[in-house]
Amino acid sequence: MLEAPPLLLVAGGVGLALLALRWLATTDLQFFGRAFIVWNEFIMKPIRNLLMGSSKEQRILQHVLQHAVAGDPQSVVAAIDSYSLEKEWAMHVGEKKGQIVDRVLREQQPSVLLELGAYCGYSAVRMARLLLPGARLLTIEFNPDYAAITQRMVEFAGLQDKVTVVLGASQDIIPQLKKKYDVDTLDMVFLDHWKDRYLPDMLLLEECGLLREGTVLLADNVIYPGAPDFLEYVRGNSRFECSHFSSYLEYSKVVDGLEKVVYKGLSGPARP
């Protein structure tokens, strides 16, 4: 049986992609956002991976190693931004929303910061570069390849003394934070993993006694791809004080935003 050459498969894939985009790309912003993600993550990414023999995440790391300055976190952030803007779209928080993250972090000055979802380490490096002496960041990543790239990124930035990369599912690691990682309570949590895990993981943090009065949770992508159950819960519950920062999906014109949630303490049942 004859096998189709890779380029023929690619051409066929692109043809199917264009047909899919004709259906997805309407005037509805949600459909436009969906088309943007489908094109970049489910069409172009596997095509490039096939042709180049490496993953997008590996290419991002190589770009950083070649163009950033070792021990300079800001140059690492800038290199990732330039690659994701000019070469291949990637799901980092990005420069526009990153400035919001910077501002919140500077205001809070956390001693213990938890990140849910490391991906390639962009936000870990971005946040850790602003931490005060003695402060630390734990970042939980489920994908072992992403966790390894994050670890390499953190080490290249010279932040290995501030950042601990934890491999595993958030729902498995969160109950271990107190005993295994010596966490009493968290000053700040950055949520940027699976959007359907935002609400259950926040409630799990509360159940495990990791939230204190004044703990700040900053959730990315609450508009697109969206975390409607999370927003509905925190905005309708007296245990939380919410504020919204409107912005755009990383490296795009798709409307997005971050939600800042301040935990006011347990004044009612922890489950919706």
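Glycine residues also receive a Cβ, built from the backbone N, Cα and C atoms like all the rest.
What you see is a predicted model, and the numbers here were worked out from it, not measured in a lab.
The following features are taken from Swiss-Prot:
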- 1-6: topological domain 'Cytoplasmic' (TOPO_DOM)
- 7-27: transmembrane segment (TRANSMEM)
- 28-272: topological domain 'Extracellular' (TOPO_DOM)
- V93, E115, S123, E141, G168, A169, S170, Q171, D192: S-adenosyl-L-methionine binding site (BINDING)
- D192, D220, N221: Mg(2+) binding site (BINDING)
- K195, N221, E250: substrate binding site (BINDING)
- S267: phosphoserine (MOD_RES)
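Proximity note: of the listed binding-site residues (S123, S170, E250), E250 have a CA within 10 Å of the CA of N221 (Mg(2+) binding site), given in sequence order. Taking a C-beta cut-off of under 8 Å and a sequence gap of six or more, D220 (Mg(2+) binding site) has these contacts in its own chain: V93, K97, F190, L191, D192, D256, L258. Other than K195, N221, E250, the residues of this chain whose Cβ falls within 8 Å of the Cβ centroid of the substrate site are, in sequence order, M91, D192, D220, V222, Y224, P225, L249, D256. With respect to Cβ neighbours within 10 Å, the binding-site residues V93, D192, K195, E250 differ, and K195 shows the lowest count.
Look at K195 (substrate binding site): DSSP puts it in a helix. Between the alpha carbons (Cα) of E250 (substrate binding site) and S123 (S-adenosyl-L-methionine binding site) lies a span of roughly 12 Å.
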